[in-house]
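Enquirer: Let me begin by handing over the structure; questions about it come next.
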Amino acid sequence: MSEGLNVGIVVFPGSNCDRDVAYVTREILQWPTQLLWHEETDLGDYDLIVLPGGFSFGDYLRCGAIARFSPIMAAVKDHAAAGKWVLGICNGFQILTEAKLLPGALVRNRDLHFICDRVHLRLEAKERPWLRAYGDKTVIRLPIAHGEGCYYADATTLAELEANRQVLFRYADAQGNVTPESNPNGSLNNIAGICNAAGNVLGMMPHPERAADPALSHSPSEHTLDGLQLFQSLLLASAFA
């Protein structure tokens, strides 16, 4: 387990970030990685299943609303129930909420525009395994690209998420201050990413796979590899499980 995780990346019709994630896990981290067509029904012995970004089924009806009925999703639910890792990025986060693997919903951005930018995120609940590799770091910077990334949940669900420390990423400024101005899409409580109560399923709107290689950074800085550390966190968590 300490040599790497066995990764499966689900490909839905309309996915467009699957190969970006595969580049990180297969080429940079040297982890065994397979692309899995959405009609698969057996996830075998994968440690990590990733639902990548994109526009699954053209975002018809609602983002992720059709993808949740794909045959592979029953296996993803079983994988999660077994305590194994599941990561949903952007459209993958939307699919996880539609499939009820995570609470709440992702709705239209506050200004109704598609947003493509880099944002600062304050790390919350650092005891969670997904954040183990970040050490003393409290603020990271990741790209976002979405039109329906506004996180919404009812008051009771929000209170439970906060009380259970299921919020892992919160939109903030460069100093880690959570403000209305640092919220790009109107998400309640500035929420950018949450996990399930057990902690093995994570959904996030920012794209960690786009901040994992110095060669792809337009301005190398302390935040260049902020996304890579998310994946490295799982290896650390698995090695010491």
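Glycine is treated like the rest: Cβ placed from N, Cα and C.
From Swiss-Prot, here are the annotated features:
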- Cys90: active site, nucleophile (ACT_SITE)
- His207: active site (ACT_SITE)
- Glu209: active site (ACT_SITE)
- 6-241: domain 'Glutamine amidotransferase type-1' (DOMAIN)
Enquirer: Measuring Cα to Cα, how far is Cys90 (active site, nucleophile) from His207 (active site) in Å?
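Expert: So the alpha carbons of Cys90 (active site, nucleophile) and His207 (active site) sit roughly 7 Å from each other.
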Enquirer: Taking the Cβ of Glu209 (active site) as the centre, count every other Cβ atom within 10 Å, in any protein chain shown.
Expert: 30
Enquirer: I'd like the Cβ neighbour count for Cys90 (active site, nucleophile), meaning other Cβ atoms within 10 Å of its Cβ, all protein chains included.
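Expert: Here the count is 27.
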Enquirer: Please list, in sequence order, the residues in the chain of His207 (active site) that are at least six apart in sequence and whose C-beta is under 8 Å away from its C-beta.
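Expert: Residues satisfying the criterion: Cys17, Asp20, Gly53, Ile89, Cys90, Leu142, Pro143, Ile144, Ala145, Gly227.
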Enquirer: Considering every residue in the domain 'Glutamine amidotransferase type-1' (6-241), what is the mean pLDDT value?
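Expert: On average, pLDDT over the domain 'Glutamine amidotransferase type-1' (6-241) sits at 95.
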